[in-house]
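K.L.:
First, the structure itself, so that you have it in front of you.
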Amino acid sequence: MTIQWYPGHMAKARRQVVEKLKLIDVVIEIVDARIPVSSRNPMVDELTSHKPRLVLLNKADLADPSITKEWVAYFEKENWATLIIDAQRGKGIKDVPLKVMEQAKPLLDKFRSKGINPRAIRAMILGIPNVGKSTVINRLANKRITNIGDKPGVTKRQQWIKVGKEMELLDTPGILWPKFEDQDVGFRLAITGAIKEEIFDFQETMVFLLSYLKDEYPNLLKERYDLTELTEDVVDLFDAIGKRRGCLVPGGHVDYDRVAEIVFRDFRQGKLGNISLERPNK
Ligand code: G4P
């Protein structure tokens, strides 16, 4: 589900995150491994600077593995623990509590030095819509407890989920809005399905994707659509894919919206292959 964000929503979501953070020892931030920077609101750094953090690069099953490794190095440079996960299949999830406890070590040491028996470490999940927050919470809880597509501003009584012996997780995630002042960030969010394509021009978003694929993943594009050559002109590429897929309107012209739908769907389902839309420092 995609949420329309208005200034009132944003202020409320921010307030809710700030409130929840008061209860939290370790922040678990989820980003989309295909667009790790575009899929985060930079505000998260300002809000959580005083907390240890674990970054989960989710949907790694769809991303380019070599680029995902570059992102791990990028986030670790920031001194954040990082894990590559595929929450849909549960890959990497079992390491989450271990990493959270590692991040909480200074706090546990502090308890011990004061002679206090350490209590359970409290964590919360934070991220933009559709990044996989509910899926991760359900995996960690080992059951389905969060409605997929939680709405911001809708409050329900929050509860702690026990994860192993030493960790507790807040059952409601902190939701932040995606930030897309930069048009390319907006395109990446639309392509991955984090925001509705309609917010952007469907075909313009498609031109962005095809130009990118042509430069970065030409062979995947050729293989998927059975193309021998990739033309320089992206409109010609649209035409070639449309003809291959029979997306024609009466008169023999290519139906560009249908082509875009097919390519977006293929991208999101991983049928084009493992693709990352963003690299560190690019
Ligand atoms: P949210 O709470 O952050 O809003 O995200 P949620 O868990 O609802 O996940 C959004 C979509 O992403 C879901 O697909 C979910 O199955 C999918 N997803 C979550 N983690 C992964 C992952 O590691 N890999 C892949 N491939 N998909 C993942 P959905 O229910 O089909 O929703 P939609 O795609 O129709 O929006």
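Even glycines carry a Cβ here, placed using N, Cα and C.
Please treat TrEMBL annotations as automatic predictions, because they have not gone through curation.
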K.L.:
For the GTP site that TrEMBL assigns to N58, K59, A60, D61, N130, V131, G132, K133, S134, T135, which of the candidates G8, G174, G186 is also assigned?
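P.N.:
So, going by the record in TrEMBL, that would be G174.
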K.L.:
Helix, strand or coil at G132 (GTP binding site), per DSSP?
P.N.:
coil
K.L.:
Starting from the Cβ of N58 (GTP binding site), draw a 10 Å sphere and report how many other Cβ atoms land inside it.
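P.N.:
Excluding its own Cβ, the number within 10 Å is 28.
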K.L.:
Please work out the number of neighbouring Cβ atoms within 10 Å of the Cβ of S134 (GTP binding site), leaving out its own Cβ.
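P.N.:
For S134 (GTP binding site), the 10 Å Cβ neighbour count is 20.
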K.L.:
Average the pLDDT scores across the domain 'CP-type G' (15-178) and report the rounded value.
P.N.:
91
K.L.:
So if I take the binding-site residues (N58, N130, G132, S134, G174) and measure from each Cβ to the nearest atom of ligand 1, which come out below 6 Å?
P.N.:
N58, N130, G132, S134
